[in-house]
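The feature (6S)-5-formyl-5,6,7,8-tetrahydrofolate binding site is assigned by Swiss-Prot to Arg22, Glu87, Arg126, Lys460, with sequence analysis given as support. Look at Swiss-Prot and you will find Asn232, Thr251, Ile253, Thr256 tagged as K(+) binding site, backed by sequence analysis. Feature annotation from Swiss-Prot assigns GTP binding site to 232-237, 251-257, 276-279; the stated evidence is sequence analysis. Annotated Mg(2+) binding site per Swiss-Prot: Ser236, Thr257, in sequence order, evidence recorded as sequence analysis. Summarising the annotation, Swiss-Prot assigns domain 'TrmE-type G' to 222-381.
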Amino acid sequence: MVFDTIAAISTFPGEAGIGIVRLSGDDALEIISKIFKPYKSKDIKKVKSHTLHYGHIVDPETEEVYDEVLVSIMKKPNTYTREDIVEINCHGGIVVTSKILELVLKQGARLAEPGEFTKRAFLNGRIDLSQAEAVIDIIRAKTMLANRYAQKQLVGYVGSKIKEMKDKIMGLLVHLLALIDFPEEDVEELERKEILETAKEIVEDIDKLIASSESGRIIREGLKTAIIGKPNVGKSSLLNALLKENRAIVTDIPGTTRDIIEEYVNVKGIPIKLIDTAGIRDTDELVEKIGVTKSKEVLAEADLILFVLDASRELTKEDYEIFDILTGKNIIFVLNKIDLPKKIDEKELKDLTKDGIIIEVSTVEKIGLEELENTIYNLVFRGDISLREDEIVINSRHKEALINAKKYMESCVEAIEGGYSEDLITIDLNAALDQLGKITGETATEDLINEIFERFCVGK
């Protein structure tokens, strides 16, 4: 494909030690030759690929020196975009990088759209669409675990699994077309049995990938963990203790937290989305009532609940009412304020929690917090919450395409078992291929491709 030459600032626009202005396209070398004065006189267009050159960026019209720089020259096809790429490594900050970018645009480059460098890598065949999405996941990764999964996707783990399934489907199509062209009754019966078995295998393969979508959501968005309890049991104090900073207001006045507070914390590599909720109780105060309603909505969506109880007080009607709405949830009972004289009835608590997980903590004295973090980690990796370290995870877009592909493959299985003609069976197989192609990009629409790359930042 032939594209124009694009340019953008690829680094953070604020104050920094280094800034990078990136160019990609057929005119990248010509443009840099006009504005770059190497320390040792040389034709920058003729230097070896993947080399670094010291010099200055100079306005060719005014001869004003813009900055002292290092210029990276990377020639096609062995580059990120499979086009000629130039990266100008200059001093950081808004002024210098903006002036250099302006000069580059003046020489004929166009300002890149969000994600356009990676989009060109996809359109030029260097990566598939799932790998392009992995670039976004790497940029947005909140923990090393999230980064590790994204890196697996970037090197093609998802694409390779999809290719395996597509190859199997293509094999089935070849067999079916052969049966259509050369029908022999004895051979046909044997072939249809083999085709049926392979079709069922593909359904199982798709199911395995679909099952990993929940892990993918947790890794990308964080384990939704709601901190709940009646007012003034220490929910906000627990949030602050886990964050190791004062994010929520802590007072002795019940009902202080009116809004839902969301923060991310890294618990042993797992991204945890902590949600501090308003204390759940009956109230006539309008604003607090809205907060309680929001808290109940959060409960319905949470992957894990930290139910905070006050060890220095007896269980109350409010505690029991909260217990009643927690059926079917992953719960850790957090017994707070153990630094104070204990008044809670432990036998009553154990009966109520049905031998659930109880962790004793003091957010004031920082007791039990590490045990709580270990418990969350163990819940995740022993399988109580859907996440395994060894699986390939997919995103919601992949899941939708896989669900559709599975539907067509199941229809294919039914058609084979029902003795339908080979022509009808191939329709379902081709439809399944089309859905799988949406994941890696071969059959993705232009609108879908644009939508994905619009999520990128400019310069990537």
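Just so you know, glycine gets a Cβ as well, placed from its N, Cα and C.
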The one of Asn232, Ser236 whose CB sees the fewest other CB atoms within 10 Å, among these binding-site residues: Asn232
Number of other Cβ atoms within 10 Å of the Cβ of Arg22 ((6S)-5-formyl-5,6,7,8-tetrahydrofolate binding site) across all protein chains: 24
Three-state secondary structure, which DSSP defines for Arg22 ((6S)-5-formyl-5,6,7,8-tetrahydrofolate binding site): strand
Among Glu87, Arg126, Lys235, Lys460, which are binding-site residues, the residue with the most C-beta atoms within 10 angstroms of its C-beta: Lys235
Top Cα neighbour of Asn232 (K(+) binding site) in the set of binding-site residues Arg22, Glu87, Arg126, Lys460: Lys460
For Lys235 (GTP binding site): DSSP state (helix, strand, coil): helix
For Lys460 ((6S)-5-formyl-5,6,7,8-tetrahydrofolate binding site), the three-state class that DSSP assigns: coil
Inter-residue Cα distance where the pair is Ser236 (Mg(2+) binding site) and Lys460 ((6S)-5-formyl-5,6,7,8-tetrahydrofolate binding site), in Å: 38
Conformational class of Arg126 ((6S)-5-formyl-5,6,7,8-tetrahydrofolate binding site) under the three-state DSSP mapping: coil
Integer Cα-Cα distance in angstrom, Lys235 (GTP binding site) to Glu87 ((6S)-5-formyl-5,6,7,8-tetrahydrofolate binding site): 49
